[in-house]
Amino acid sequence: MIFSKLVSFVLILQLLNPTVVLSSSSSLSSSNGLTEIPKKFLDFAKRKEVVDWMVGIRRKIHENPELGYEEFETSKLIRLELDKLGIPYKYPVSVTGIVGFVGTGEPPFVAVRADMDALPIQETVDWEHKSKNPGKMHACGHDAHVSMVLGAAKILKQHLQELKGTVVLVFQPAEEGGGGAKKMLDAGVLDNVDAIFGLHVLHSAPIGTVASKPGPLLAGSGLFDAVISGKGGHAAIPQHSIDPILAASNVVVSLQHLVSREADPLDSQVVTVAKFQGGGAFNVIPDSVTIGGTFRAFSKASLIQLKKRIEEVIKGQAAVQRCSATVDFSNTKKPMLLFPPTVNDKDLHEHFLKVAGDMLGNDKVKVMKPVMGSEDFAFYQEAFPGYFFFIGMQDENSPKLSSVHTPNFTINEDILPYGAALHASLATTYLLEAESKLRPTGGNLHDEL
């Protein structure tokens, strides 16, 4: 109901707000036109005024990084730009999220997604637009992701009459562990979406290249936090204590056996204990120890099995050492129990190969090996077909870029027109192909209401 009201509202606005069209509908709707769209859109995105506009947006966002569900200023900036473009939107969605609409306001609906949140990292890069918020930084490229989807919105708005359906612009909060994608879905504003595309910058790949694959691309993940309780006492008389540090140490070693001895060697899995906290003095055995970490796998079944066994091992090993244990798989900051694997739809993969090949050349479209990193874009893919890909940004004539989630991470802003044009091209051609499949092929057919 909410979605139908929104798209009706969009349709009315679009009728009242005609837009300049750069190409004829007939030419772009043809087979040859579909091939030309990616190049045409990239040429448009590379115009100096468009590039300068996207760069300016990205730098404003970079200066003011905000953590998950706190992206109020980022959201305000996005809404301001959408207003300038004459693009209607729904706000707020899931606290700070925005969902915009470009096109006819009618089916089919295809979405492109940008994540808005930053990371709790202190930026060490000294430049004019360095983060002004201490301890916060756009160290994963989400500022660029937002700029590229806004760039796509500008391209789409200029080609409004070519859209045989509606492109949904998804600006999502809290990708970094906060489950923002799941909350956007729960809000119900994406119920009629047929497919969704998302991208991520890749520091190690050359600019002008993209990489992805069909099927599992990124791992699903979960978190665990455990408290192992014993009985504290003096380190010189351990027989009067129940040592939780010894118990926790056995737990850490035993957890590694879940992958090495229980998992299929051909089913990639990871269990990492990254937190071990207990005690504060050299001669005192503490009452308890806290451990925590992450587990990852490329299938939901493997994730569920790992979760089950992690709890059994922690409690069992604690009991062997006369301790007790509690295990928690969620907390207030990262409430999602499990993030599913990112699994690319095979049909959308073929679509991606065609569009990216037409734009960049087939030799610039690379096959990517699966990565154990996690992405909450996977929640969209559980709801409807989705496709996630990476876009290179390394200039071969420049120093090597730093990896994401580091304090010296930087963005090569030359990437912005490529991402914007890819988003717009993937969405536009998807709609045109969907429309062509529904178009009558001949005979005395007519519409009946």
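Glycine is treated like the rest: Cβ placed from N, Cα and C.
Since the structure is predicted, the reported quantities are computational estimates derived from the model, not experimental observations.
These features come from TrEMBL:
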| type | residues | note |
| --- | --- | --- |
| BINDING | C140, H142, E176, H200, H405 | Mn(2+) binding site |
| DOMAIN | 224-317 | domain 'Peptidase M20 dimerisation' |
| SIGNAL | 1-23 | signal peptide |
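Shown here: features listed in TrEMBL, placed on the structure.
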| residue | record | CB count, 10 Å |
| --- | --- | --- |
| C140 | Mn(2+) binding site | 22 |
| H142 | Mn(2+) binding site | 27 |
| E176 | Mn(2+) binding site | 19 |
| H200 | Mn(2+) binding site | 22 |
| H405 | Mn(2+) binding site | 13 |
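Per DSSP, the secondary structure of the domain 'Peptidase M20 dimerisation' (224-317) breaks down as 40 helix, 31 strand, 23 coil. In sequence order, D115, D117, L119, H138, A139, G141, E175, V404 are the residues of the same chain, not among C140, H142, E176, H200, H405, whose CB sits within 8 A of the CB centroid for the Mn(2+) site.
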